Amino acid sequence: MFKYYGVFNIPMYLTLFRIIMVPCFVAVFYWPIYWSPMLCTLIFFIAAITDWFDGFLARRWNQTSRIGGFLDPIADKIMIITALILISEHFHVWWMTLPISSIIIREILISSLRECIARVDNKNNISVIWLSKVKTFAQMLALIALLCRLNEWTVIMGVISLYTAMLLTLWSMCYYVYSVSSILLQYKLK
């Protein structure tokens, strides 16, 4: 349908847009006006929608690229980790920091593991599993609810979703580490 013009195509622009939106929602998060949580949540939601949309369009229009495959997960991590840090800083209690730090540690560990596997064996890679998709959904639900903070029930729903995301995060991390352990052991033996 659309002609491919090298690296810069619509899916790539959406990925770059997502990265550019991060400083915007950070700035809005700290605005000292009563509706800043709603605007911050709206910006985050729009950025999150582009995450789904850029992958869909890249596959649909056959505009996938190596740089897009590299930048897309980085844009996701930047957006999610920034939102998690803002939420942790806002609530400033251990029972929020615990799941948030667990999720951040997992994101860094799995990203490092992907890089390690790519260097050791380019034939194998860590593909996304259904569990990670469920984790991402719970995580996005938690982030939207906790950024928005409409009322007490929204915060409670956000905290429940955050702990659900943490459990799914740890489960998927164990799965990923187990699934690549044979590749890592082969590399260690060489």
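Heads up, residue numbers simply count up from 1 along the chain you see.
Cβ from N, Cα, C; glycine included.
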Is THR15 annotated in Swiss-Prot on the same side of the membrane as PHE91? yes
Cβ pairs under 8 Å with the transmembrane segment (66-86): which stretch of 18-42, 92-112, 151-173 has the most? 18-42
Three-state composition of the topological domain 'Periplasmic' (43-65), taking helix and strand from DSSP: 18 helix, 0 strand, 5 coil
Which residues of the same chain, at least 6 past either end of the topological domain 'Cytoplasmic' (87-91), have a Cβ under 8 Å from a Cβ in it? 29, 97, 100-101, 143, 146-147
